[in-house]
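Take a look at the structure below.
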Amino acid sequence: MLLSELSHPNQLHGLTVSQLEEIACQIRERHLQVVSTSGGHLGPGLGVVELTLALYQTLDLDFDKVVWDVGHQGYPHKLITGRFSQFDSLRQQNGVAGYLKRSESKFDHFGAGHASTSISAALGMAIARDRKGDNYKCVAVIGDGALTGGMALEAINHAGHLPNTPLVVVLNDNDMSISPPVGALSSYLNKVRHSPPLQFLSDSVQESVKNIPLIGKDIPEELKNIKGSVRRLAVPKVGAVFEELGFTYMGPIDGHDIGNLINTFNAAHKLKKPVLVHVVTTKGKGYPYAEADQVGYHAQSSFDLTTGKSIPSKKPKPISYSKIFGQTLLKICEQDSKVVGITAAMATGTGLDILQKNIPDQYIDVGIAEQHAVTLAAGMSCDGLKPVVAIYSTFLQRAFDQLIHDVGIQNLPVSFVLDRAGIVGADGPTHQGQYDISYMRSIPNFVLMAPKDESELQRMLITSINHKGPTALRIPRGSGLGVAVMDEGWEPLNIGEAEILEEGNDILIIAYGSMVASALETAELLKAKNINSCIVNARFVKPLDKKLIMPLASRIQKVVTMEEGTLIGGFGSAIVELFNDNEINIPVYRIGIPDVLVDHASPDQSKEKLGLMPNQMADNIIKKFDLNN
């Protein structure tokens with residue numbers, strides 16, 4: 001059978017192992033072809049091809065449920081659930097999403113883009129199944145990196161106390177999340193990864209005991225436990241952990257041996273209780289470059305399949321904000337041993353890999369544990385350290401209570417750098433960094449800021465570290481503007497001080513962060529129509545520069561705010577609240593992201609759809625304030 005002929009995963013039923021192996025080769029070929037052309041997650045999917053095929057041969061996906069953690073490893077799933085012909089549109093506007101999405105396919109049973117959610121969701125489905133009296137199977141597939149997340153461990157703890165609830169958790173253990181996994185649990189998994197597979201003692205042990213002369217069917221209580229006792233002696237140490245938590249442990253299993261995987265999954269389904277199947281895979285399997293560099297090939301832009309090298313863009317791009325942040329923090333750490341960089345399993349993505357390489361003693365990776373990262377930093381700040389927590393905007397949402405309870409209320413000097421703030425592009429709604437302005441504005445004691453360019457990022461970083469309370473600095477995804485940066489001598493900003501970039505009397509445009517450059521472009525378009533704009537770089541959303549903004553607004557009487565974040569509770573709302581609190585009755589036109597989910601597309605495509613391109617903003621400003629005359 002050809003992969004292109006698969007329209008339903010149940011077509012895998014009855015295929016031989018050799019036929020499945022042939023389909024596995026076709027999946028890898030298609031996977032590599034598309035990702036090398038348009039970019040996407042590479043290594044995770046290549047590592048679970050055999051696992052996916054074997055698992056789906058043991059399930060009826062018209063009824064059974066599978067929850068894939070994060071979705072990085074979901075490309076093989078998509079290819080065998082009817083999306084082969086559309087796969088060229090992966091992560092493109094109106095195309096196949098990069099993550100599982102319930103609205104895209106009936107086989108995407110649960111959507112996700114953040115880690116560690118799968119076991120909770122699958123357990124919820126299992127409980128719903130049992131209450132309805134149904135009998136479909138529920139499976140969660142989770143990576144060893146995601147297993148470091150507290151939510152996954154909470155779900156395991158809960159499921160283990162439901163011994164009569166059938167649930168299969170497949171641990172995809174490739175010794176790698178996005179960055180190498182950290183922590184005691186990861187070390188524990190490493191100890192057993194190369195252990196011989198554990199073949200569990202079946203109920204025949206108890207049957208054998210029954211056949212002992214003089215005992216027969218009346219088994220003493222002490223002997224009833226013999227099976228469990230012998231099993232615990234045989235279980236590898238990591239298996240013992242899951243056994244103690246109420247799971248039956250199976251493994252470790254070779255994740256590329258389809259026949260053995262099928263047998264193991266069938267055995268797991270028969271147990272009718274919580275089972276953890278430990279599957280050992282190779283991230284990037286089948287593509288030597290991805291196997292050799294599992295971090296670099298976790299996700300890739302377009303690349304040459306023959307050489308494995310990224311295809312350079314036609315136009316050289318300036319260095320990214322993330323790298324500028326990482327390089328600047330390294331310089332600061334070299335000068336101050338009390339400064340410590342903290343990440344939650346995203347060293348490369350946040351730019352902290354340079355700190356990890358050069359000063360590992362001032363670098364901490366907590367794993368996929370954002371809540372812990374925040375409170376860890378809070379504790380460190382109590383005893384004189386200066387923690388800088390670098391987390392994607394979308395992932396910091398997971399630690400909102402810790403921001404309030406552990407940092408804000410106690411007014412602790414913790415610096416947060418929110419990477420990927422604003423519109424991020426092809427990763428879609430699970431990864432858009434559109435909410436941080438809104439959710440952080442409400443927390444007392446926090447200072448919130450965003451730079452207009454790379455140089456201002458450096459100044460804001462030293463400002464944050466020097467501040468005696470909590471700060472949050474948001475930076476956008478991707479390249480900077482090409483503004484020159486300094487190796488040292490960064491001048492701190494005055495907290496809450498904005499700046500006027502251009503003078504004008506017709507319209508006041510107050511822009512925040514990445515939208516300052518767009519505001520300047522918009523002003524040029526307006527100037528061509530004899531409309532002169534006063535452009536203010538707000539720098540801070542909390543506190544606002546009241547002394548600068550209010551007199552300008554009172555004089556010009558027409559105000560526009562620009563932000564790359566959700567409008568509800570955002571920067572524009574802060575300006576409106578400022579005017580309202582000071583009884584200034586001035587029309588304010590807020591430009592930002594409305595109350596919508598921003599789907600996967602390129603950043604510019606998303607901005608165009610939202611009306612955030614300079615030409616669109618200029619036209620809308622003219623219409624809003626009737627400036628045609």
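Using the three backbone atoms N, Cα and C, a Cβ is placed for every residue, glycine included.
As recorded in Swiss-Prot, the features of this protein are as follows:
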- HIS72, GLY113, HIS114, ALA115, GLY145, ALA146, ASN174, TYR287, GLU370: thiamine diphosphate binding site (BINDING)
- ASP144, ASN174: Mg(2+) binding site (BINDING)
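The local packing around HIS72 (thiamine diphosphate binding site), expressed as other Cβ atoms within 10 Å of its Cβ over all shown chains, amounts to 28. When each of the binding-site residues ASP144, GLU370 is scored by how many other Cβ atoms sit within 10 Å of its Cβ, ASP144 comes out lowest. ASN174 (thiamine diphosphate binding site): 24 other CB atoms within 10 A of its CB, across all protein chains. Across the residues annotated as binding thiamine diphosphate (HIS72, GLY113, HIS114, ALA115, GLY145, ALA146, ASN174, TYR287, GLU370), the two Cα atoms farthest apart lie 32 Å from each other. ASP144 (Mg(2+) binding site) carries neither a helix nor a strand DSSP state and counts as coil. The 10 Å shell around the Cβ of GLY145 (thiamine diphosphate binding site) contains 30 further Cβ atoms across the protein chains shown.
Classification of ASN174 (thiamine diphosphate binding site) by DSSP places it in coil, neither helical nor stranded.
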